[in-house]
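Taken from Swiss-Prot as is:
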BINDING   D250, M251, H252, H276, S277, D298, I299, G300  4-CDP-2-C-methyl-D-erythritol 2-phosphate binding site
BINDING   D250, H252, H284  divalent metal cation binding site
REGION    1-243  region '2-C-methyl-D-erythritol 4-phosphate cytidylyltransferase'
REGION    244-399  region '2-C-methyl-D-erythritol 2,4-cyclodiphosphate synthase'
SITE      R3  site 'Transition state stabilizer'
SITE      R156  site 'Positions MEP for the nucleophilic attack'
SITE      K212  site 'Positions MEP for the nucleophilic attack'
SITE      H276  site 'Transition state stabilizer'
SITE      T375  site 'Transition state stabilizer'
Amino acid sequence: MRRGGACVQKKEYLPLTSRQPGVCLLSEILVRALEARSFFLVVVTVPAGEVAYAESQVACDSRLSAFPSRTRPVILYVPGAHTRSASVRAGLDAMATHAPDVVLVHDGARPFVSVALIHSVLEATCRYGAAVPVIEATDTPKGVAADGSIETHLIRSRVRLAQTPQGFCYASLCAAHHRAATDGEQYTDDSELYARYGGTVHVCAGERSNVKITYPEDLEQRASEPALTRGISVLPCTEEGALRVGLGTDMHALCAGRPLILAGIHIPSKKGAQGHSDADVLAHASIDALLGAAGLGDIGTFFPSCDGRWKDAHSCALLRHTWQLVRAACWRLVNLDAVVCLEQPALHPFREAMRASLAQALDTHVTRVFVKAKTAERLGPVGSGAAVTAQVVVLLKKI
């Protein structure tokens, strides 16, 4: 969330409705961010000298205190600068000690962002690395020259209107912002800046209700709608404590000359699994189970075999990265239960090492992880020694 020091009219402090003067645009955004239960840190940049005032305005909204303190993210107010880009950069720099994987940048003049849109942008960002919500243009856009004449007739079907929040890999966005500062360049939004310095930005569906308050009549129009005239009554998200089950399976062919890796543990064997990475079926099935339970996608979404970056990759490192994404979405691991099916060699001697390795990758106690080893009784491709398989079930709890 951003406020630049050059803004004269402080729209973010305006009351959302006359019936609830304690609810301002900024506090409404914060309530919706807390409702999403997907953030551990929220940074608000405000004009220099206005930190205390911003805090006092937000404190007037009693809804914020209704969120449990143990799950409430830290809200940090940071002095901004005289340009939009510099203010965003100040906010990003304030996050450096927290080292987030993903960051969403939201305009403080868009108070009607929905929790569903926040989750949609987060999911697309985790999948692609950068994502922006867009809506179709309903009016026919024109490119206008300095003298007021139309110089370009844009194709409306190919034009989209960008909204916020816009999501990015934190480290990549920081690097792009600092390069832009060095070059002295200014951009109207972060997706343009990110793309200018080599990043690819994908789009996801925005919402027409996610309007930007630019003129007084924008707020007046929204305030007259029934949902707002009834008053705003937002309770903490009922998703807290929700349980989700995920299932992951994987199978790889076995061949001579390859190492056999299971949960990051090297298993002495005449044959190993074929694959683009280290072909660790137990780690791969665990990744799929976690992503499925959290509703974030699957292993092919994040680590496609066509991507050379994952050639011979250590799958437990991919599992650790996956868990960071799942944890950032406010999920806690209740337990993981796995079955590995391999005809030979016998896996029982390595079972505890595999449990410990998975627990370490998931930053959890080993008692929450269990691994069972089976044979296929000489049936099918596993029984003939041609393949190895794994099945994993996880239980996640929303926090």
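Cβ coordinates are placed from backbone N, Cα and C, and glycine is handled just like the others.
Other than D250, H252, H284, the residues of this chain whose Cβ falls within 8 Å of the Cβ centroid of the divalent metal cation site are, in sequence order, M251, A273, G275, A279, D280, V281, L282, A283, A285, V388, T389, A390. Under DSSP, H284 (divalent metal cation binding site) is assigned to a helix (H, G or I) in the three-state scheme. Secondary structure at R156 (site 'Positions MEP for the nucleophilic attack'), as computed by DSSP, is helix. When the CA atoms are compared, the recorded positions lying within 10 A of D250 (4-CDP-2-C-methyl-D-erythritol 2-phosphate binding site) are H284, out of the candidates R156, K212, H284, T375. In terms of Cα spacing, the recorded positions R156, K212, H284, T375 that come within 10 Å of I299 (4-CDP-2-C-methyl-D-erythritol 2-phosphate binding site) are H284. Comparing Cα positions, D298 (4-CDP-2-C-methyl-D-erythritol 2-phosphate binding site) lies closest to H284 out of the recorded positions R156, K212, H284, T375.
The Cα of R156 (site 'Positions MEP for the nucleophilic attack') lies closest to that of G300, out of the binding-site residues M251, H276, G300.
Counting every protein chain shown, the number of other Cβ atoms lying within 10 Å of the Cβ of H284 (divalent metal cation binding site) is 26. Ranking the binding-site residues D250, D298 by C-beta neighbours within 10 Å puts D250 at the top. Taking the C-alpha positions, the distance from T375 (site 'Transition state stabilizer') to G300 (4-CDP-2-C-methyl-D-erythritol 2-phosphate binding site) comes to 27 Å.
A distance of 10 Å separates the Cα atom of H252 (4-CDP-2-C-methyl-D-erythritol 2-phosphate binding site) from that of H284 (divalent metal cation binding site). Straight-line distance linking the Cα atoms of G300 (4-CDP-2-C-methyl-D-erythritol 2-phosphate binding site) and H284 (divalent metal cation binding site), rounded to a whole number, equals 10 Å. Over the region '2-C-methyl-D-erythritol 2,4-cyclodiphosphate synthase' (244-399) the predicted model carries a mean pLDDT of 92.
Just so you know, the Cβ of R156 (site 'Positions MEP for the nucleophilic attack') picks up 12 other Cβ atoms within 10 Å once every protein chain is counted.
Within the set of binding-site residues (M251, I299), the lowest number of other Cβ atoms found within 10 Å of a Cβ is recorded at M251.
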